[in-house]
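*Asks:* Swiss-Prot lists 56, 57, 58, 59, 83, 107, 134, 135, 136, 137, 270, 271, 298 with the feature carbamoyl phosphate binding site. The annotation L-ornithine binding site is assigned in Swiss-Prot to 166, 230, 234, 235 on the grounds of sequence analysis.
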């Protein structure tokens, strides 16, 4: 399957078979990496720009390591240390970066800024997190589910917390594409974007999976194979902190809520975790938690995305 030259702003732009191909490639590259068969030099001579407007630990380092492993060189640029901080239009910066580099991975406050980069740079742009989507995280998430449970089709995934979260959006699109039964367990007013709901329902219909919104936290996690949460106060939403903590408190993933599952399950979190808010220390550090393996898979997912998209 040929994906060279494509951008990845959202998984809405990728068909179900393309998402499966990316996940399968990431798993294959991970296995071969551990077997000593490396992909060093696959993108020798290419250059990646990391254009980050928000802080990052895992995503930034994973892109830097993945690019290096593939033979790429990397330039890390933040808004504060570039002319963007002095008012240079993003489209002007995009025009120049597109003449210097072979691809851009960008972490932005406004998803629309990614579209500006695509329009004016002329090179593949990869969403390293926006206010609406986090597609490379979803690739890592599906990888983790496949590794831990052996399948995605028919797996019951309960995402608990802020249903309008960028990770929730991308997970719903990726998992329903591969036949999972996805529940977004959230409070009224925190539902996913209408476009995400419509796309997830359509993908679930085609794949044999399902998608639903559940407002009761105990009912939402009942029978789940995967219980997943993310922070309640995403970057840029700090002004809403107290309201969000109050509204989402009943959706904390703790030992009491997990009694409602009633079966074996795994716990997932994209990190960083705010212990005592969306999840308790006990759950995060439990034997059912796979968050550290999940975090490692960000490296393998992002390496596959670079290998497949960068010309």
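Keep in mind that glycine also has a Cβ here, set from the backbone N, Cα and C atoms.
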*Asks:* Can you tell which of 56, 83, 166, 234 has the most other C-beta atoms within 10 Å, given these are the binding-site residues?
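*Replies:* Ranked by Cβ atoms within 10 Å, first place goes to 166.
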*Asks:* Where among the binding-site residues 58, 134, 298 do you find the Cβ with the fewest other Cβ atoms within 10 Å?
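*Replies:* Each of the binding-site residues 58, 134, 298 was scored by Cβ atoms within 10 Å; lowest is 58.
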*Asks:* Specify the count of other C-beta atoms within 10 Å of the C-beta of residue 136 (carbamoyl phosphate binding site).
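*Replies:* Within a 10 Å radius of the Cβ of residue 136 (carbamoyl phosphate binding site) lie 28 other Cβ atoms.
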*Asks:* Look at the binding-site residues 235, 270 and tell me which residue has the greatest number of other C-beta atoms within 10 angstroms of its C-beta.
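*Replies:* Per the Cβ count within 10 Å, the most buried is 270.
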*Asks:* In angstrom units, rounded to an integer, how far apart are the Cα atoms of residue 270 (carbamoyl phosphate binding site) and residue 166 (L-ornithine binding site)?
*Replies:* 11
*Asks:* Hey, of 166, 230, 234, 235, which of those binding-site residues are within 10 Å of residue 134 (carbamoyl phosphate binding site), Cα to Cα?
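*Replies:* Near residue 134 (carbamoyl phosphate binding site) by Cα: 166.
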*Asks:* Please name which of the binding-site residues listed here, 56, 58, 83, 136, 298, is nearest in space to residue 166 (L-ornithine binding site), Cα against Cα.
*Replies:* 136
*Asks:* Specify the secondary structure state of residue 230 (L-ornithine binding site) as given by DSSP, simplified to three classes.
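*Replies:* The residue in question, residue 230 (L-ornithine binding site), is coil (DSSP, three-state).
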*Asks:* Which of the binding-site residues 230, 234, 235 has its Cα closest in space to the Cα of residue 298 (carbamoyl phosphate binding site)?
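*Replies:* Going through 230, 234, 235 one by one, the closest to residue 298 (carbamoyl phosphate binding site) is 230.
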*Asks:* Let me know the DSSP-derived helix, strand or coil state of residue 56 (carbamoyl phosphate binding site), please.
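*Replies:* For residue 56 (carbamoyl phosphate binding site) - judged by DSSP and reduced to three states - the answer is coil.
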*Asks:* Fill in the CA-CA distance, residue 56 (carbamoyl phosphate binding site) to residue 234 (L-ornithine binding site), as an integer in Å.
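*Replies:* Taking the Cα atoms only, residue 56 (carbamoyl phosphate binding site) lies 13 Å from residue 234 (L-ornithine binding site).
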*Asks:* When a 10 Å sphere is centred on the Cβ of residue 230 (L-ornithine binding site), how many other Cβ atoms does it contain?
*Replies:* 25
*Asks:* What whole-number value in Å do you get for the largest C-alpha pair distance within 166, 230, 234, 235, the residues recorded as binding L-ornithine?
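*Replies:* Binding-site diameter by Cα atoms for L-ornithine: 12 Å.
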